[in-house]
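S.K.: I'd like to ask some things about the structure below.
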Amino acid sequence: MSVLVARKKKKPKVVRRWERLPGRNTFCCDGRIMMARQKGIFYLTLFLILGTCALFFAFECRYLAVQLSPAIPVFAAVLFLFAMATLLRTSFSDPGVIPRALPDEAAFIEMEIEATNGTVPQGQRPPPRIKNFQINNQIVKLKYCYTCKIFRPPRASHCSICDNCVERFDHHCPWVGNCVGKRNYRYFYLFILSLSLLTIYIFTFNIVYVALSESACGKLGCDCLPGPCSLTALTVLEVLICFFTLWSVVGLTGFHTFLVALNQTTNEDIKGSWTGKNRVQNPYSHGNIVKNCCEVLCGPLPPSVLDRRGILQQEETTAQEETCTRGSSAPEPAAAQGPGGQEEESSAQQDGSLPHPSAVPVPSLSNAEMPEEKQLTTGELPAPSQDAGQAEH
């Protein structure tokens, strides 16, 4: 009887890590696809690309292949497939999300910060939670994220839409439905570059098609060539879509080409991290356009540190549930609040934080980025003979 009862017991349900990950993301295909929850504009992007290309291949390409060259639809198909592949690769991949600290790790970091800063008198603001790193003779500040409970690595930032810290954060792009960071920036750049070429290509040959069809109708009469004349209205629609898309996409491609040449991110450009009042040189730039482009577009791609499809044990499941609960309900300290009681953050981001480096892997910078990296201040507990009130930068 006991054997039958044991057989009737259900096997414990396998829980994968993506099912318990905090943040505002959606997952498909058992965690293989990762996107933001707001996907409406992404579907609009697909509709515009697929609709415009479908009209071009269905009507203009057949006429142009006969009148001019059969290579016209072939080259258009190559650009279309490349643009769609890079779009889906950008939208469905992990942009470089940094895991949040578990409760034990967050408590250790809090204890470390308190021991370093000492006791703060009541009514006074505690010192900012930052650490200073030296990269290529430039001081770079590592900010503490109050949401993720971690010290963010250099160039990382917290996305207020996805509610995650992203390594080498560039921006959140609603057109691709995902953040753009270290792991998918090259695919994003290739997408907008190929989309610009595709838009220019379709726009140019639509104009050629209209000119040829009008010339043919004028010489032979509309009854002789019913196809081109009857489809001119659809061609005009394609021309209008391409015309308005052209300015934004080509302008965006030019802007990101400028950023790639300087080895700079959109977030750093908006904040003026290396220009303007700071007048600090970019420590990540090699001073050479070719080297910067090779590092950003051809450098090694780091693996994802989330392990989305890994199986969670019971203890890890409980710890991650506690992390999600604390992150959503715990009040912020006074240092993280502004005059209105809200958390201070940059104009583009919401503040967040890092796990203890010994427990959660933090993606390290490449040798090209940090050849002379040296931490100026450490997070070790001060010795009893040292001043307990010495602040850590």
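The backbone N, Cα and C atoms fix where each Cβ goes, and this holds for glycine too.
Those TrEMBL annotations? Automatic predictions, nothing curated.
Straight from TrEMBL, here's the annotation block:
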type	residues	note
TRANSMEM	41-59	transmembrane segment
TRANSMEM	71-88	transmembrane segment
DOMAIN	141-271	domain 'Palmitoyltransferase DHHC'
TRANSMEM	187-212	transmembrane segment
TRANSMEM	232-262	transmembrane segment
COMPBIAS	316-337	compositional bias 'Low complexity'
REGION	316-393	region 'Disordered'
S.K.: Counting only residues 6 or more past its boundaries, what in the same chain has a CB within less than 8 Å of a CB in the transmembrane segment (41-59)?
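M.R.: Contacts of the transmembrane segment (41-59) (Cβ under 8 Å, skipping residues fewer than 6 from its ends): 35, 73, 76-77, 80, 83-84, 87, 91, 174-177, 195, 198, 202, 205-206, 231, 234-235, 237-238, 241-242, 245.
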S.K.: Please count the residues of the domain 'Palmitoyltransferase DHHC' (141-271) that DSSP assigns to helix (H, G, I), strand (E, B) and coil.
M.R.: 78 helix, 19 strand, 34 coil
S.K.: Cβ under 8 Å to the transmembrane segment (187-212), counting only same-chain residues 6 or more beyond its ends: which ones?
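M.R.: Those are 49, 52-53, 56, 60, 63-64, 67-68, 72, 75-76, 79-80, 82-83, 86-87, 89-90, 93, 170, 173, 176, 180, 228, 232, 235-236, 238-239, 242-243, 245-246, 249-250, 252-253, 256, 260, 296-297, in sequence order.
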